[in-house]
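The structure under discussion appears below in the form of structure tokens.
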Amino acid sequence: MTFSEILDRVGSMGPFQFLHMVILSIPIFNLANHNLLQIFTATTPDHHCHPPPNASAGPWVLPVGPDGNPEKCLRFVHPPNASLPNDTQRATEPCLDGWVYNSTRDTIVTEWDLVCNSNKMKEMAQSIFMAGILIGGLVLGDLSDRFGRRPILTGSYLLLAVSSSGTAFSPSLPIYIVFRFLCGFGISGITLSTVILNVEWVPTRMRAIVTTATGYCYTFGQFVLPGLAYAIPQWRWLQLTVSIPFFVFFLSSWWTPESIRWLVLSGKSSKALKILRRVAAFNGKKEEGQRLTLEELKHNLQKELSLAKAKYSASDLFRTPILRRVTFCLSVAWFATGFAYYSLAMGVEEFGVNLYILQIIFGGVDIPAKFISFISLSYVGRHITQAASLLLGGGAILALTLVPLDMQTLRTVLAVFGKGCLSSSFSCLFLYTSELFPTVIRQTGMGASNMWTRVGSMLAPLVKIMGEVQPFIPNVIYGITALLGGSAALFLPETLNQPLPETIEDLEKWSLRGKEPKQEPEAEKASQMIPLQPYGPGLGSS
């Protein structure tokens with residue numbers, strides 16, 4: 001008897017599973033609010049220098065820039081005066097008395113004057129938030145193995161609730177950045193534990209469907225943020241509004257049971273048995289639950305126990321030529337996907353279209369993108385789908401450099417298409433990575449690969465700063481990186497209809513055998529048909 005059969009005895013798709021999925025999915029719906037929040041809390045409105053205190057009551061003429069528009073960062077030293085020489089009249093100076101903002105919306109940009117020489121701090125704040133997600137994944141992944149999935153989930157809910165609320169009361173930009181880093185740290189713990197806890201309590205044939213359905217909660221969550229931002233123009237109140245629900249999630253998480261596998265592997269089999277009996281009673285199978293014994297539970301998880309005793313580290317990812325090739329190519333693809341995806345996702349205001357409508361379109365494109373990637377993965381294959389999604393996404397970003405700024409509709413279409421392709425790349429990567437790495441080192445491989453998408457998402461905002469040198473430079477870098485990622489994917493082997501490798505030796509034999517298709521059990525096929533992906537791009541478990 002396997003663990004799946006034990007799950008069938010206590011109820012594999014009963015009321016407990018439904019409630020368990022709902023409790024874990026609702027927070028994912030709200031994660032989009034935090035990942036994309038700075039699109040609205042850090043918008044940069046039109047602005048110009050504030051006139052000096054001794055300026056006359058008449059209109060103050062602004063210098064005109066090379067593009068024919070009024071200067072945003074300079075003002076005349078003196079007002080226009082016929083008695084002054086022309087060169088004196090043209091003398092300019094920085095905005096010594098602040099700026100006037102043409103907007104009714106209150107943002108961190110208008111509050112702390114993150115414009116002109118300080119505009120880099122806006123991108124720095126987003127980059128540090130992404131750094132929190134990166135470091136959180138590295139730290140909390142180890143703590144999750146040591147202390148359990150549920151304590152990390154509960155603690156991460158509380159950390160996000162407290163740090164995000166603290167962000168709303170930040171008196172200065174440095175404190176705001178510290179709190180945003182902690183928000184990213186907490187988000188990483190939430191996605192890490194949710195992925196594991198969400199799939200363990202459902203049968204193999206339903207795991208992919210349940211995980212994808214929960215993943216769509218993040219997609220639909222992107223539609224809520226523009227409405228909230230439109231209704232709440234003050235950034236502090238908007239920040240607080242998306243923070244409060246996580247205090248409720250912190251309380252509800254105490255109902256979530258710990259991972260049965262983790263309990264058994266940690267020598268807490270009696271507690272695991274007690275949870276299984278509780279689940280059986282909840283699903284109306286109390287008598288079946290009472291028949292379970294400790295010996296039966298340990299025996300059925302013997303394979304997991306034996307695999308846990310074999311210690312593998314990240315260095316094993318480079319032990320053999322095939323593993324080195326897989327690790328390198330996947331790392332490049334992961335980095336390129338996160339790097340290019342967040343260049344578009346966080347650059348909504350650059351396209352000159354209504355910010356709220358465009359964000360809804362950007363969120364909505366993920367729905368058909370994930371569906372198309374599912375069809376392509378199932379019938380065309382992982383290899384072509386992965387390479388094509390990155391190559392098309394990179395091509396769309398490079399095409400933006402050739403389209404004039406005044407052709408807003410065409411630029412928006414290219415950006416939406418590129419984001420859809422990169423969303424498909426994320427969907428493919430999670431399935432492809434899980435199929436390429438052997439079971440004994442799969443979690444390590446997934447963590448190492450996923451780390452690179454966090455590095456990419458962290459660097460993406462910083463590259464935007466290079467736009468001050470030449471506006472086209474960031475998109476050239478984003479586009480070429482995506483093309484490199486797609487090219488690297490071309491060197492990966494196809495895994496469609498292939499058996500999952502259990503050991504490193506299995507992967508070696510599989511590559512030497514010429515990758516001949518083998519028949520798989522129907523249950524395992526079903527588990528591979530839909531990508532097991534994180535709830536939000538680049539936020540998967542490690």
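Counting begins at 1 with the first residue displayed.
Each residue, glycine too, has its Cβ placed from N, Cα and C.
Fair warning: this is a prediction, and the values are worked out from it, not measured in the lab.
The compositional bias 'Basic and acidic residues' annotation in TrEMBL covers 512-525. Per TrEMBL, domain 'Major facilitator superfamily (MFS) profile' is recorded for 83-497. If you look up TrEMBL, you'll see 512-542 marked as region 'Disordered'. Taken from TrEMBL, the feature transmembrane segment applies to 124-140, 175-197, 209-231, 237-256, 326-344, 356-380, 387-405.
Residues 21, 24-26, 28-33, 36-37, 39-40, 194-195, 198-199, 202, 238, 241-242, 355-357, 359-360, 362-364, 366-367, 370, 530-536 of the same chain lie 6+ residues outside the transmembrane segment (209-231) yet bring a C-beta within less than 8 angstroms of a C-beta in it. Taking Cβ pairs closer than 8 Å, the transmembrane segment (356-380) reaches residues 32, 36, 39, 212, 215-216, 219-220, 222-223, 225-227, 229-230, 344-345, 348, 388-389, 412, 415-417, 419-421, 423-424, 427-428, 431, 496, 529-531 in its own chain, all 6 or more past its ends. Outside the transmembrane segment (124-140), and at least 6 residues removed from its termini, the chain residues within Cβ reach (under 8 Å) are 38, 42, 108, 152, 156, 173, 176-177, 180-189, 192, 342, 346, 447, 450-451, 454-455, 457-462, 538-539, 541-542. This prediction places the mean pLDDT of the domain 'Major facilitator superfamily (MFS) profile' (83-497) at 84.
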